[in-house]
Each structure stands twice: as structure tokens, then as C-alpha cells.
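A.B. asks: Per TrEMBL, domain 'STAS' is recorded for 498-641. Summarising the annotation, TrEMBL assigns transmembrane segment to 42-66, 72-88, 147-169, 181-203, 223-249, 261-280, 308-328, 349-370, 382-401, 445-474.
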């Protein structure tokens, strides 16, 4: 009781220094901003912020389309997230905003709730009209666009709440279960799903949006089924945009070390396409789908719809985990590269606040975005001041420029989305090298990718995590086991099947089990031990008993065989004198077995029982069992057991 009270006093003590430390810990900007070097850092931050802001404009609009939202909400999301992340992040290079994979998951959840609410999906472009400046479109009735953002901001609130709770409870270690091959496979599978969902915009088709298992295949079936209805204007525009953007992006990637800044080809194509669509009236003349009216300014804050929380709670969990995993992994990569520390739990709180607070300002869930983070780092950013500059660029769009995108075709937005997924698709080229390094990781990658593509993104993530954990279990369930030999003129012992010219010690065998001994591999341990040593004590003991019984039957002393051990001592001695050849145990080529426990991290109670059985069984046939290289925890267990 006294110890608990003492610890509680230490934690709960409050003074000026404690309060300052608390706020500096919660808001890292208070720690690094007073030491900001304007002369050496400001120029790089401003240039990087401007370039990222220019790239973020078309991507914000295109990712809104992916999340089933009006274009303005994507700009809101990127604007607010950068301001909050500036104040709370420990990473100096991450860009937080709309991310393709999360937008896909948000769009699937939003579409599912739209269907449950009875909103028609006949006009797939209706969400892009964006002609409402109030939640009810001025009629007192929440239209499809209004309900879509209501679902999205409620989802964002739950995602932020989950992430903050995980960060406060110091559960940042959750991300370790999302291995790099698993995340890579998930991103690639999600990229294929995103490309599939955007193909209807490139072709100008109006097809139903499928959800759930098999939606990937059903969407492609519908695309080929409706191919005769392709809008030629949208198709030609998409092909021209692809032909321009892809080569320029490749040039940017190839010569990024020589170029001071990448050429903003996406923004240029968006501007030119908008001007052409406006002057040639693509919407009226060729029936092309366009963004429509995009309002300026900000909307009044609103509260999330608590009635949706119960149905969105499950959808929010994988979004929260993926968002946190991407944010922390990118933060740690660039933190290690540039030599500064990143706090995983603080990053979780920061990204949680980037989802919680903006949910009151018509924003959907966000995380660190890979492409824009890479751009930010390559253009010389020094601190999160560049995020403020990016928010200023987006503020100009929100206040004055947004309505100019009225005539922008949705096919151009689809092209921008697809082109930014090239990184995920390139992972296919890395699989042969991954197979050479680790076949298990490659199988995890393919399993996660296929499950994310062919089933759903959420189930695909769950399948990937479960399969990766099963692979770990299988590896420990059937680990490598070898017999060791001695290197001549030394005290070094190595695997006899791997190294040549190792000498064996006469009548002694050394067995190494390269995993912890626990309930899942206990049977395999005994099996491989008997196989490697070529001595099965159970069979030998049974054979000895049969021989002894047969000898007793032959000499007429079978009765003494079934008596107690104490009473059998003298008859057994007599039998041994009468027929020694019949009752002698089968000959074996060892008198000592050494089990190398150096690779065992732990032994559970079942493993301890197995060691007892092995010791007892070998003792019955005259073989001594010794344990070597036991770590302190195993020694303690052996002493207790």
C-alpha cells in the first residue's frame, strides 16, 4: 500500500516544471520552434511547402472522388490536418492528408451506408455536383452528398478516438504485427482495387458500385458488359492525360537527384483540361461528367452523428490501424535517415487528433501520404513549417480558386488517382528478389495482396495478419533440429549436416533444437530427437520388456515378472544368471545425450514435462541426459519444476 501511494504521488505531483514538460511532450512544436533557424531552415521549408501544396490540389480533389465525397471536403481534410500535425508531430518530414488506401476504405464504408439508407446509386456522378453549401441543401432534407459526408465525418471521429486511446494507453507496439511484406501486399492489393474503381471514370461509364466479397471481379465484369456505352470524349481525354503525365513522372523520378524540384505535371494537366472542357463545353456537347460547382470558404462546424457510431465502430478499427501504421513507419524511416528520434505513441496521438478535430469541420479520415511525404523530403523540407505553407496554398484554393474547377472532368481525376498508385504496382517487380530472400515473406505478401483484392480490404488486412502470425507459429512448431560435431583442436560445436570434417565424440550425441520448447512443438521435439539420435527409448524399453517376458516364460518364472519391483530383485538376478543372453537390453551406441538449449528463449510447463519424460525414458535404457547453454529464465523454471 505504501509503495502504491508513493508511486501515485510521484505521478500526480504538479508544479510549474511538470506542467511545462507535459505540454512540451503533448505539443512538440513548443520544444523545437524556439530553436528554429530562420536563415538556414526557412527557405527549404517554404519551397517544399509550396511544391507539395501545388501537388496536393489535384490529389485532394481526386481522392475525394475515391472517398465518395464532394471535392471541397478533400481540400478541407488536407488543410486542417497539416495545421494540427504541425503542432503535435515528432516527425519533421511526414505529410498528413488524404491517402489513397484510406480513401478507398472510407468510400466503401460510405457507399455501404448510403445503400442502407436507401439512397439511389443510379447517378454515380451526383456526389460530385457539390452545389450545396448547407448540410440540408437548403430544403431541410439531407441529400445524398450530405449523408455521405455525415457518415465520413462520424467515421473520422471514431478513427481519431481509437488512435488517441491507443496512444494514451501506450499501445504503439500494435504496429509491430503489421510487417513490411504484409503492409506492402495490402497497399498493392488496395491499389488494384482503387484502379478498378476508377476505371469507370476513365471510360465515362455509369455502372453499379459493388461491395463485399468478389466486388473486384464483378466490377470488371460490368466494365466489359457496359463497354459499348463508353464516352469517347472521356476516353480520349484520359488517354492523352496518361500519355503526358506518365512520362513526365518517370523523368521526375529518374532525375530527381539532379532536379531542384519535380515538374508539377499533374497540376498543369488539370488546369489545361479544365480550360479545354470549359471552352469546348464537354459537359453539354459530349455528356462528360465534371466536378460541378465547388463552394468557397468554410462551413460552420458540426457534430458527428452519434447514431452512426454503432454501425461504424467496426469499419473504423482497420482504418485507424492502417493510418497509424503508415504514419509511424514513414516517420521512423525518415527519422532514422536524418538522425532524429520519433516517438511512436506521440505520433499515434498526433494522427488521432488529425482525425478527431477535423471531423467537426467536414473532413474525412487521413494519415501520412507516401508520395507527398517523399516529395516533401526530396525538396528539402527541414521542419513541419512546410506543412503550414502547404495549408496556406490550400487556403487560397478554398477562398478563391476552387470554383474555377467547375468544368474539370472526373476522368482527369481518375487518371491522377491511378498514376499515383504506380509505387504500389511496382511491388510486383520486387517479388522475385523477395522470394530469393525469404519465401515465407513472399507468401505473406501474395496472400495479403490477393485477399485485399478479391475479398475486401478490411478482411484482406485481417487475413494477412492472421496468416503472418500462423507462419511464425509454424516456423516454431517445426523448427530446425541438428546433431552437433566438434571442430578439431577446438571447443567449437557446429551442425554436422552443414559443415564438413567435424568429429563426433564416441558414445555421446549433442542435439540442438533451434526454437523455444512449448506445447505446439512438444511432439515434434520428441520425434526429431529420436530420429536424429537413432535411439527411441520408448521402443527400446518396450522391446526389452518383451524379451524379458519371453525369457521368463521360457524359464518358468513368469509369475515373478508381474510382482512388485522390490520382490522381483532376487528372481530377476536369478533369471539373469540362468539366461543372460535373453534378457540383456538391446545395444546402443551412446551413453550420454546433451541437449543444447542455447536457441530456446523459453520453456512452458508442457515443454518442462517433455524434458522430464525424455530424461526418464533415456535413463531407463542407461543413457544420461544433460542440458547445456540454458539461459537464466530456463534455469529458474527447471529449478522450480
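Cβ coordinates are placed from backbone N, Cα and C, and glycine is handled just like the others.
A description of the local structural setting of each listed feature is requested, covering burial, neighbours and distances.
C.D. replies: Looking just at the domain 'STAS' (498-641), the mean pLDDT is 79.
Distant neighbours of the transmembrane segment (72-88): 26-29, 56-57, 59-64, 94-98, 130, 149, 152, 294-295, 298, 346, 349-351, 353-354, 357-358, 361-364, 366, 384-385, 387-388, 390-391, 394-395, 397-398, 402; these residues of the same chain sit at least 6 beyond its ends, with a Cβ under 8 Å from one of its Cβ atoms.
Through the fold, the transmembrane segment (147-169) approaches residues 67-70, 73, 106, 109-110, 113-114, 117, 119, 127, 135, 302, 304-306, 308-309, 312-313, 315-317, 319-320, 323-324, 345-349, 351-360, 362-366 of its own chain, all at least 6 residues removed from its boundaries and within a Cβ separation under 8 Å.
Proximity of distant same-chain residues to the transmembrane segment (261-280), defined by a Cβ-Cβ separation under 8 Å and at least 6 residues beyond the stretch ends, is recorded for 47, 51, 54-55, 57-59, 61, 237, 241, 244-245, 248-249, 251-252, 288, 290, 375, 378-379, 404-409, 412, 415-416, 419.
Long-range contacts of the transmembrane segment (308-328) within its own chain (CB-CB distance under 8 A, at least 6 residues past either end) are made by residues 91, 94, 96, 99, 101-102, 105-106, 109, 113, 116, 150-151, 154-155, 158-160, 162-163, 166, 172, 174-175, 178, 183, 186, 342, 344, 347-348, 350-352, 355, 365-368, 370, 457-458, 461-462.
Same-chain neighbours of the transmembrane segment (382-401): 29, 32, 36, 40-42, 44-46, 48-50, 52-54, 56-57, 60, 72, 75-76, 78-80, 82-83, 85-86, 89, 91-92, 95-96, 296-298, 376, counting only residues six or more beyond its ends whose CB sits under 8 Å from a CB of the stretch.
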A.B. asks: Where among 42-66, 181-203, 223-249, 349-370 do we find the most Cβ pairs under 8 Å to the transmembrane segment (445-474)?
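C.D. replies: The stretch with the most close Cβ contacts to the transmembrane segment (445-474) is 181-203.
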A.B. asks: Apart from its near flanks, which chain residues at least 6 from the ends of the transmembrane segment (42-66) lie with a Cβ under 8 angstroms of it?
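C.D. replies: Hits for the transmembrane segment (42-66): 72-75, 77-78, 95, 97-100, 103-104, 107, 128, 194, 197-198, 201, 261-262, 264, 266-267, 270, 291, 372, 375-376, 379-383, 385-394, 397, 405, 408, 410, 413-414, 416-417, 420.
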